[in-house]
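What follows is a single structure, written as structure tokens, with notes after it.
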């Protein structure tokens, strides 16, 4: 009886540590980035200058992510993430005092490079925890929702700069939670064994990933999807503000949009391993396409908000989980962290072009034109997915 009680206490503490790590990491991610376009435009910067700041972060992330992914393949995931979290907190403190355009670019680029670089590592870390992926990752969704809400409250009731001080505090709390987590010994041992087995007969250089034709095709498709999603996430708050909504109302929309992701994550074990890769890629793409069309056609505001609830985070989260599933399907275990980082790198490279191009389009037209062109571009990815010949699923279940 005593042993069972001790086991329960140990398991509960471990779960609580995962909760703190994921909750405050995603809270930090949201509070730092979700109102960046509003923050910069309120400081007097134009849409193209705002795009330049955001594009700089994609460029820095593109450089940082393969490095962080490679380090995570070689060393402890916890150690690598802890260091990057701490450096991100330092960068957030510097960004709070940035005023010139170049200071803003450098500060935002540093922080987002470290946060984005840690993101695929943290997603993978959830799959080797002693708990179901959804029961861990759902706290990240809740954290992101709370961060989106907190951003608006802090922005309105304290000051815009206070957002970044809050980011520093919550990032440090996340480090504390991460330090106390303990992954599942069996899952971690299986991963290490797979890496060692493949060491003898797999090309160890990350460029070997480009020999995988299906993976290269997925890189191209995901680049289109993610670059457009990132562009939309940058401008959706400013678009709603331009429609006459107050900042706190926009924050409420973002908050509920993130909460719509909760059932998708929590019940991921019911459908992510069950349905084929192609179906789980096509469905969220169609949802995001509908969202872009609602913006492009300037439909009734409640309709736009409805599609924002459905597309901004639920559809995007399905594709995030699909990264794990596609990589598990196509890539040997030894290179999976590097492959996930490479997806993020290509995503950021594509996002640089998308932010720049659509920022210029917005400056010379309006949100309707910008999102209509985004819908047209996403249609290309949808056609490619229809003809994409990826295997149905990996050999082993990931989410259940």
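In case you wondered, yes, glycine gets a Cβ from its N, Cα and C as well.
Listed features, source TrEMBL:
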- 14-393: domain 'Major facilitator superfamily (MFS) profile' (DOMAIN)
- 15-40: transmembrane segment (TRANSMEM)
- 52-68: transmembrane segment (TRANSMEM)
- 80-98: transmembrane segment (TRANSMEM)
- 161-180: transmembrane segment (TRANSMEM)
- 214-233: transmembrane segment (TRANSMEM)
- 253-272: transmembrane segment (TRANSMEM)
- 279-303: transmembrane segment (TRANSMEM)
- 315-333: transmembrane segment (TRANSMEM)
- 345-362: transmembrane segment (TRANSMEM)
- 368-388: transmembrane segment (TRANSMEM)
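The recorded stretches the transmembrane segment (279-303) and the transmembrane segment (52-68) do not share 3+ CB pairs below 8 A when only pairs 6 or more apart in sequence are counted, and are therefore not in contact. Nonlocal intrachain contacts for the transmembrane segment (80-98), taken as residues 6+ away from its ends with a CB within less than 8 angstroms of a stretch CB, comprise 25, 28, 32, 68, 71-72, 104, 106-108, 110-111, 114-115, 117-118, 121-122, 125, 161, 164-165, 167-168, 171-172, 174-175, 178-179. The stretch from 15-40, 161-180, 214-233, 315-333, 345-362 that makes the most Cβ contacts under 8 Å with the transmembrane segment (52-68) is 345-362. For the domain 'Major facilitator superfamily (MFS) profile' (14-393), the mean pLDDT of the prediction comes to 84.
Annotation: stretch 15-40 has the most Cβ pairs under 8 Å to the transmembrane segment (161-180), among 15-40, 214-233, 315-333, 368-388. Sequence-distant contacts of the transmembrane segment (315-333), counting only residues of its own chain at least 6 positions beyond either end whose CB sits under 8 Å from a CB of the stretch, comprise 120, 123-124, 127, 133, 141, 191, 194-195, 198, 202, 209, 212, 214-215, 218, 222, 225-226, 229, 261, 264-265, 268, 272, 277, 280-281, 283-285, 287-288, 291, 339-340, 343, 390-391, 393-394, 396, 398-399. Here the transmembrane segment (15-40) has Cβ contacts under 8 Å with residues 49-50, 53-54, 85, 88, 92, 104, 108, 111-112, 115, 118-119, 122, 126, 129, 131, 136-137, 139-148, 150-152, 154-155, 160, 163-164, 166-167, 170-171, 173-174, 176-182, 233-235, 237-238, 241, 247, 250-251, 254, 258 of the same chain, all six or more residues outside its ends. If you look at the transmembrane segment (368-388), the same-chain residues 6 or more away from its ends with a CB under 8 A from one of its CBs are 214, 217-218, 220-221, 224-225, 228, 231-232, 235, 278, 281-282, 285-286, 288-289, 292-293, 295-298, 358, 361-362.
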